[in-house]
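Here the structure is laid out as structure tokens; the discussion comes afterwards.
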Amino acid sequence: MKEFKIAVIPGDGIGPDIVREAVKIMTKVGEKYDTKFNFVEVKAGGDAIDAYGEPLPKETIDVCKSSAAVLLGAVGGPKWDNLEGSKRPERALLGLRGALGLYANLRPAKVYNVLKSASPLKNEIIDEGVDLLVVRELIGGIYFGDRGTKEVNGVETAFDTEKYNVDEVKRIAHSAFKAAMKRRKKVTSVDKANVLDASRLWRKTVNEVSKEYPEVELSHLYVDNTAMQLVRKPSQFDVILTNNIFGDILSDEASMITGSIGMLASSSIREDSFGMYEPIHGSAPDIAGLDIANPLAQILSAAMLMEYSLDMSEAARDVEAAVEKVLNEGYRTADIYIEGTKKVGTSEMGNLVLERL
């Protein structure tokens with residue numbers, strides 16, 4: 001029997017409600033695949049502020065570091081809005097990424113056939129299929145480069161610096177190509193190499209890394225063209241590889257194409273496959289504890305965890321298939337409900353997925 005320690009951070013708002021369902025699903029998967037998951041619950045975000053006076057206690061970092069992966073619910077809420085920046089719940093996410101060395105953000109965007117009416121795009125575009133993954137470099141680039149504000153010739157002037165070295169590009173490129181090997185074996189690297197030196201280094205390095213993955217088809221697009229192509233023909237994309245700032249923008253654009261944010265998972269990973277997995281939606285404190293939140297993004301985050309951190313691809317496919325089956329049978333939580341479908345609560349949705357595993 002395989003055994004894995006999983007750090008669990010329920011967090012704030014609906015976090016505990018949806019994490020509960022994901023843990024339930026993983027436990028069932030463990031029974032099916034002769035695997036034992038040892039879940040260790042720790043605090044971060046507002047939950048940790050209330051308990052310890054800080055958003056990211058040392059105990060949480062230590063437990064995460066000694067685990068195979070981290071399953072996170074959601075952090076934040078208006079209750080803590082008046083705290084200074086460094087003490088706010090959201091600082092826990094930045095702190096965890098830094099402490100755990102998570103440099104690659106993986107954001108899938110998939111339109112389920114039965115939910116395509118939620119997409120803002122025309123049916124003829126969606127009908128071609130949308131199932132892509134944005135791989136974004138997370139801890140380099142312009143967000144972390146030299147910056148400042150100063151007077152130049154008597155005029156207030158601000159600057160930020162886009163900077164990458166070869167090693168930083170190599171490691172994120174490897175993450176993208178490895179992800180593509182699990183998917184349709186196609187990588188689109190996105191840059192602005194017609195203007196930026198940093199992008200020219202990016203493109204040159206990605207080309208070098210691609211030689212190690214002869215099965216994967218590589219293409220390059222400028223970021224402005226990519227933004228256009230995402231709404232014109234999203235079916236052309238499998239894995240999109242890009243830097244921090246471009247990925248920040250493109251991953252949000254891709255998520256909006258689906259029209260159902262409650263369905264979208266994400267992960268932040270590093271070279272050894274360790275990662276932190278969470279839904280992209282917020283903590284929605286107004287519906288916390290009411291059994292109406294959609295747990296599917298959290299359940300799909302657990303599927304990503306099993307695929308990318310535990311090398312349990314078959315189990316991940318099982319979970320994804322169970323989710324799709326429940327949707328095809330017409331079950332919906334309030335956020336994706338339309339007339340003619342069957343509305344269910346958080347716990348019942350989790351049970352429905354469980355039954356179909």
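Backbone N, Cα and C define each Cβ position, glycine as well.
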### Message
Record says Arg97, Arg136, Asp224 bind substrate. Source is Swiss-Prot. Which of Arg88, Arg107, Arg147, Arg203 does it list for that same site?
### Response
Arg107
### Message
Suppose the Mg(2+) site is Asp224, Asp248, Asp252. Which further residues of the same chain have a Cβ inside 8 angstroms of that site's Cβ centroid?
### Response
Val223, Ala227, Ile245, Phe246, Gly247, Ile249, Leu250, Ser251, Glu253
### Message
Please report the Cα separation of Arg107 (substrate binding site) and Asp252 (Mg(2+) binding site) in Å, rounded to an integer.
### Response
9
## Note on the structure
Mapped onto three states, the DSSP assignment of Tyr143 (site 'Important for catalysis') reads helix
### Query
Which one of these recorded positions has the most other Cβ atoms within 10 Å of its own Cβ: Arg97, Arg107, Arg136, Lys192?
Arg136
### Message
Quick check for you: of the recorded positions Arg97, Arg136, Lys192, Asp252, which have their Cα within 10 Å of the Cα of Ala284 (NAD(+) binding site)?
### Response
none
